[in-house]
Amino acid sequence: MALFRALYIIWVFLLIPLFNAEEFTPKVTRTLSRYVFDIVNFDDSNTLIRADEDSVEISFDAGENWKTIDGIEEPIESFVVDPFRGHDRAFAFVKTAPKFYVTDDQGKSWRPLTIPISEKASNYFCGITTHPIKKKHLIIRCDLLTINDSGVMHVGREIYTTNDGVSFSQVKPSFGKIDGHISTARCDFIKSSEDSDLGGNDASILCLFRNTEYIESTGSTIDKSELILSADGGETFKELVQFKDKVVRRYEILKYHVVVLTQDDMYNEMSSMDIWISNDVCTFQIAHTPTKIRHVNMGQIHEDSIGRIVLSVSRERDDEDSNQPGAAEVLISDSEGLKFLPIKWIPNNQFGYINVAYPGFLKGTFFGSFHPFIEYSDRKRKYSRQKVREETKVSVDNGLTWSNLKVVDRENVDSFGCDVTKPERCSLHTYFYDLRNLRPSAGIMMISGIVGDGSVYDWNEEKTFISRDSGLTWRLVHNSTGLYTTGDLGNIIMYIPYRSNENGDVPSKFYYSLDQGKTWGEYDLIMPIYPYRLISTISDGSGSKFILTGTSITDDPISITYSIDFSAVFDYKSCEEGDFEDWNLADGKCVNGAKYKYRRRKQDAQCLVKKAFKDLSLDETPCNSCTGSDYECSFEFVRDAKGDCIPDYNLIALSDICDKSKDKSVLVEPLQLIKGDKCKTPMKIEPVDIPCDEIPEEGSSDKEIVTTENKFDFEIKFYQYFDTVADESLVMLNSIGDAYISHDGGQTIKRFDTDGEKIVEVVFNPYFNSSAYLFGSKGNIFLTHDRGYSFMIAKLPEARQLGMPLDFSAKAQDTFIYYGGKNCESILSPECHAVAYLTKDGGETFTEMLDNAIHCEFAGTLFKYPSNDDMVMCQVKEKFSQTRSLVSSTDFFQDDKKTVFENIIGYLSTGGYIIVAVPHENNELRAYVTNDGAEFAEAKFPYDEDIGKQDAFTILGSEEGSIFLHLATNLESGHDFGNLLKSNSNGTSFVTLEHAVNRNTFGYVDFEKVQGLEGIIITNIVSNSEKVGEHKGDEQLKTKITFNDGSDWNFLKPPKKDSEGKKFLCDSVSLDKCSLHLHGYTERKDIRDTYSSGSALGMMFGVGNVGDRLLPYEECSTFLTTDGGETWTEVKKGPHQWEYGDHGGVLVLVPENAETDSISYSTDFGKTWKDYKFCGDKVLVKDVITVPRDSALRFLLFGEAKNMGSGSFRTYTIDFRNIFERQCEFDITGKKRADFKYSPLGSRTDCLFGHKTEFLRKTDEKCFIGNIPLSEFSRNVKNCSCTRQDFECDYNFYKASDGTCKLVKGLSSANGADICKKEPDLIEYYDSSGYRKIPLSTCKGGLKLDAHLAPHPCPGKEKAFREKYPINTGAYALVFVTILLVIFFAAWFVYDRGIRRNGGFSRFEEIRLGDDGLIENNRTDRVVNIIVRLGLCISLITKSAFQRAKAGTAQLSSKFRARFGNKKGATYSSLLHDQLSDAFQRAKAGTAQLSCFKI
């Protein structure tokens, strides 16, 4: 019986909480208002303030009653409670004026303060910073919004310091108002808290100003910043010298450290950053990071409980606007703040978003969640079969060890989709957003999340969970998500869902728990509410009153505020000593060298703590013995996979331990006690012997170069950078189909986890530089549009992968065509054929566009003026046929399909043209060209004696309105060559530029246009082409260069001496016998390698030799030119691989086909070279690359270390950033000192293409260029008159040895009337002069070799031609009459003054030369008499000649009659035509020596 009574008592005792919960009803008070947008509470009080639409209201009873505050009449923008005086002081900022109100008595009274803003604005957005000790010290920052008459918005920023409003002092940067705008203006007190350990006095202020100037011509920006410090409360400032020449992005003042982020490149706002750390605001040191940091989340620089700095690194700089959750990576420093390392529990080192939370009241506790980079929009939710799993973990030992969030919930165990008893495969996953505003409690917390294995995160399945042990174990409490908060140190928990049911109805009740989440009661609200805020009225979580705000769901929504009071629960009973228990953090283990515990109420106790306004108290007991968890790796060491600290030689080189030692080695302890650790007895640490002989000496440039090595078990077969300035992202693929991604030029590399699916191909979008597509072996395609940070998984159509490349739209990123095989059980099956599948949504859905299509182009997006924007062209190969046709459509072949050519070999697009190869009779080819997709014209190739059948041609590209084409004339394998042709502007008429240009069997040609410079082309010709064609010898190649787009060619001028200062063996004056020859495009291992770089203007590398012909590759050396090919220098003996960095500011050479441990580099444009040892063991470097724009300072080497077993394939990232003292200063206006100057390339100071151009070159090798777009700032300093070099030969004309263009014998010039057919609106046409102007030329005036002859009417346009060029008879008559009058007057004047006055014609024969009988009274008389004498002479000579001719003719006639009797005489022919023809030919020959004209 006694046992029964005891059980009964226990049962009743257990039910009491439930009865109390059901019987108790919190006191709820509702107030309605028009619009409540802000509500704040004073610390340790029941006073609240809220802003309504028209007024400011205050409550002194935790929100039950409200009244309007008198004295504040303007509309309020925001409230701020002083974080250091939260009990009594607050600020209210006015929206429409530079004004704010201050209260020092919990809102009972307010006083206005007006800020003396220098400029008027439409709106003012101000904030205030208070001092933790000095109450009167304030910093005010205001953003001034103005909108001009054109509607353009401008935001100005001003900062003031004030002594509680008595006086104001504006803080300004020294650069004042300049072009651009102040993008950053910020000031803070160095003392950020009462217990701050930073140096400096209490009045120290740190300010940052940053100006961003936009360069409209290039679309780039220039940043300038100033970081200044005041030691007297803002009265005077001085710039921090360490940051004088740097761009400071931002800073953060923490308790133990000041963190400053500087931008590496002032001309690239997305460039990497350095992290500077100081603990005294006097000296700053650069912290080491595993990779360069580019984007640090705003407001995401914090310190954890032991003072380590935590950085949240995002993929974009401004993450607030991103639809993606969280950061891309989280870095945590050592306790000194000088070395950062990433969180190591990320699965497979994959890329994804990371959220980290570390509640300040839970010492050593970290929460972390990892989410793979899969976009979470509704459109992509169907692709939830992610290849990387979600991970959510907790650590209670400062991140040393991590565990999954274990679900312990027997009641709901069957409601989860996995076995929660196996937390390694079934655990809780969440984002931890809710922990950011967590109220202090002894281990009690709530979060929203889902339970699973991490393969799917469905937002619709989120539920609410609770934990009582700081997150180690969790229990389900609600099958929905909503707002929640705690009171009475976790003993009161409130919860209201976002929606009350699956239909999304507005909540009409809230839930509460009085036993730490064990049981729940509910309360029905008077009015349903859409909740948006639920808070405790006391910020420290110790109170029992709450505020719930939201809006009503009515036609005219209003704001609802509920005040909820739990103070009467348990009949107002307060807890006694027996109602409490000890709760230990980290299960009682040592954390930071101490054990921590809280006193908290027992879960079932029938009382409240009721110690309102008293913070949660933590008990600390130092641990006696130090363990490994109390230590961290010393700066020079990093942890390996086993967790041991091992030496890192990059860190050793950065430190000064070897500089301080004179010995060859130094002893260093690998572990150091964590700063601030509480343990009493230190461990014994065995030092490690560090060799110093391999460490570069202090002051050497090698010490500043940083090399990072990565090892692979399989060879990297594919690699390609994304062509952007945002970062140095690239994709790599090894020989077994594993893909790797790096965002820092290969410094850190992570494998892309595809859940075992191999990647068979990687395709980059040529039109959108951040997009790439990875094809999986199981039919998946992995798409990225942000350079590999995130991926979307799409399922390819149910078709066999044929390995055909994707075809992309040039204007729509998500539109592309995929080719799959249909009926392809076997690839050799006759039924197997290709099908073109179209997607317009980035691969979410595919539609079958065209059967049997093997290659398509979005033609409408390629042409400048397309006939239809939606036009698509496809090459079709029907089943059971070898014939291919070209078809087009304007609706993706739904209803429109047009056959363009019935039979083609293939087609391609280049530079706004589409060129089609069409078979012709006798196994010849013909080319047809279009630039609008509608009209095709046959490409007319020039006649030449060495062009036979058109068997093969290669399109070499199109630039500046011309197509370059190589037409093969000899196709014998291994001895291929042909003619280099160039088209006119519409691509239809070609002329020969050079003969016997080398090509290989695959159609590649030794042809390369020098990037960034106009008209410079390098080719290799077969100098003995006739013998090769007759099989009488092997090819002998020679290198030629043109500086005027192919009109004139010359051999390369050889250097006088080699790299060792010795003269070359051949020194003939004739370049034909002694010139420089380079190996060309046909011999390249990687076709992406080029002589030149588009950013290193004028620079070219090549492997070749000096002599009469090109020697084999292994016998050649490496040459460099810096003036566009005019002069060359041998820089290294033997063949080398090369790469350009920093626009040519850094040049790198690596031996080719030879093992090495060093590279050679130059920072003075190749004048001098230095060697740098990048590895300990020699490796065979197979390639050296950098970003496509050659603007980076990091280079990536791919090598193979033979005979080294596992990991023999290596990559080396070599970073040259630190060898430069500063960034070059660039001033686009030219008004300020800069490190650049304009100069012509080489010695050429004459004109080229009708203008004289100068280019920017840096003048100081100690600075680096960065992202300055130098190629955009070339300038034309002079426009020139046209010369022979501005013209090339027209169609069917060839360049003769004398430099003139002559018509090919037996041919006629192009029929000018053909243009009338192509352009029906034309009225006239012109015949060719034999010359045409080079499209690149801008010359004006001067020589007009292309001057047209008289116009001719187009057929059928004769009437319009006569109307355009009418014959004006009146004008002709007027001119004729005028000429006759002038002649008549002149004749009369000569007769009157020279003949009549001197006796008339009767004296005509009496006048003799020198006769003084003529009247000469003045100069006019003398001139007239001279004319008379000349006339007399001519008359006498003519008369005499006529008489002689007459006599001779008579005599000759007599002889003829005597010989031939009465036979008919011969027909007389005039010699005039023949004589004039000979004279014309002689004159033409004389004037045709145009080569004598010089530019």
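Even glycines carry a Cβ here, placed using N, Cα and C.
The annotation signal peptide is assigned in Swiss-Prot to 1-21.
Per Swiss-Prot, the feature topological domain 'Lumenal' maps to 23-1369; the stated evidence is sequence analysis.
Annotated repeat 'BNR 1' per Swiss-Prot: 58-67, in sequence order. In the predicted structure, the repeat 'BNR 1' (58-67) carries a mean pLDDT of 91.
Per Swiss-Prot, repeat 'BNR 2' is recorded for 101-111. Here the repeat 'BNR 2' (101-111) has, by DSSP, the following mix of helix, strand and coil residues: 0 helix, 4 strand, 7 coil.
The N-linked glycosylation site annotation in Swiss-Prot covers Asn148 (among others). When secondary structure is read from DSSP and collapsed to three states, Asn148 (N-linked glycosylation site) falls in the coil class. Asn148 (N-linked glycosylation site) has a Cβ environment of 8 other Cβ atoms inside 10 Å.
As annotated by Swiss-Prot, repeat 'BNR 3' applies to 229-238. Same-chain residues lying 6+ beyond the ends of the repeat 'BNR 3' (229-238) with a Cβ under 8 Å from its Cβ atoms: 137, 139, 161, 163, 169, 171, 187, 200-201, 203-207, 281.
Sequence-distant neighbours of the repeat 'BNR 4' (394-403) (same chain, 6+ residues past either end, Cβ-Cβ under 8 Å): 304-306, 308, 332, 343, 345, 364-368, 423, 470-472, 585-587, 589, 591-592, 629. Among the features that Swiss-Prot reports, repeat 'BNR 4' is placed at 394-403.
The DSSP breakdown of the repeat 'BNR 5' (465-475) into helical (H, G, I), extended (E, B) and coil residues amounts to 0 helix, 6 strand, 5 coil. Sequence annotations record features per position, and here Swiss-Prot assigns repeat 'BNR 5' to 465-475.
The N-linked glycosylation site annotation in Swiss-Prot covers Asn479 (among others). Residues within less than 8 Å, Cβ to Cβ, of Asn479 (N-linked glycosylation site) and separated from it by at least 6 positions along the same chain comprise Lys463, Thr464.
Summarising the annotation, Swiss-Prot assigns repeat 'BNR 6' to 511-520. For the repeat 'BNR 6' (511-520), the DSSP counts in helix, strand and coil order read 0 helix, 3 strand, 7 coil.
Per Swiss-Prot, repeat 'BNR 7' is recorded for 740-750.
Marked as N-linked glycosylation site by Swiss-Prot: Asn769 (among others). Of all Cβ atoms in the shown protein chains, 16 besides its own fall within 10 Å of the Cβ of Asn769 (N-linked glycosylation site).
Summarising the annotation, Swiss-Prot assigns repeat 'BNR 8' to 837-847.
Secondary structure from DSSP puts Asn986 (N-linked glycosylation site) in coil. Of all the Cβ atoms in the protein chains shown, 19 others lie within 10 Å of the Cβ of Asn986 (N-linked glycosylation site). Annotation source Swiss-Prot lists N-linked glycosylation site at Asn986 (among others), citing sequence analysis.
Annotation source Swiss-Prot lists repeat 'BNR 9' at 1119-1129. Long-range Cβ contacts of the repeat 'BNR 9' (1119-1129) within its own chain (Cβ-Cβ under 8 Å, at least 6 residues beyond either end) map to 1010, 1013, 1016, 1018, 1041, 1043, 1052-1055, 1059, 1076, 1078, 1097-1104, 1147, 1165-1166, 1241-1244.
Per Swiss-Prot, the feature repeat 'BNR 10' maps to 1161-1170. Long-range neighbours of the repeat 'BNR 10' (1161-1170) within the same chain, counting only residues 6 or more positions beyond its ends whose Cβ lies under 8 Å from a Cβ of the stretch, are 701, 1099, 1120, 1122, 1129, 1131-1132, 1144-1149, 1216, 1219-1220, 1261.
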Rounded Cα separation (Å) that holds between Asn148 (N-linked glycosylation site) and Asn1279 (N-linked glycosylation site): 40
Alpha-carbon distance [Asn1279 (N-linked glycosylation site); Asn986 (N-linked glycosylation site)] in Å: 26
Cβ contacts under 8 Å made by the repeat 'BNR 8' (837-847) with residues that lie 6+ beyond its boundaries: 379-380, 382-383, 781, 783, 785, 792, 794, 796-797, 799, 812-820, 892
The repeat 'BNR 6' (511-520) versus listed stretches 58-67, 101-111, 465-475, 740-750: most Cβ pairs under 8 Å: 465-475
Reduced DSSP assignment, Asn769 (N-linked glycosylation site): coil
Cα distance (Å, whole number) from Asn1279 (N-linked glycosylation site) to Asn769 (N-linked glycosylation site): 36
Contacting positions for the repeat 'BNR 5' (465-475) when only residues 6+ beyond its ends and CB under 8 Å are counted: 362, 365, 367, 394, 396, 403, 405-409, 412, 428, 443-449, 493, 516-517, 583, 585, 587, 603
Coarse DSSP state, helix versus strand versus coil, of Asn1279 (N-linked glycosylation site): strand
Nonlocal neighbours by CB distance (under 8 Å) for Asn1279 (N-linked glycosylation site), same chain, sequence gap 6 or more: Gly1250, His1251, Thr1338, Cys1339, Lys1340
Helix, strand and coil totals (DSSP H, G, I; E, B; other) for the repeat 'BNR 10' (1161-1170): 0 helix, 3 strand, 7 coil
Residue counts (helix, strand, coil, in that order) that DSSP gives for the repeat 'BNR 8' (837-847): 0 helix, 4 strand, 7 coil
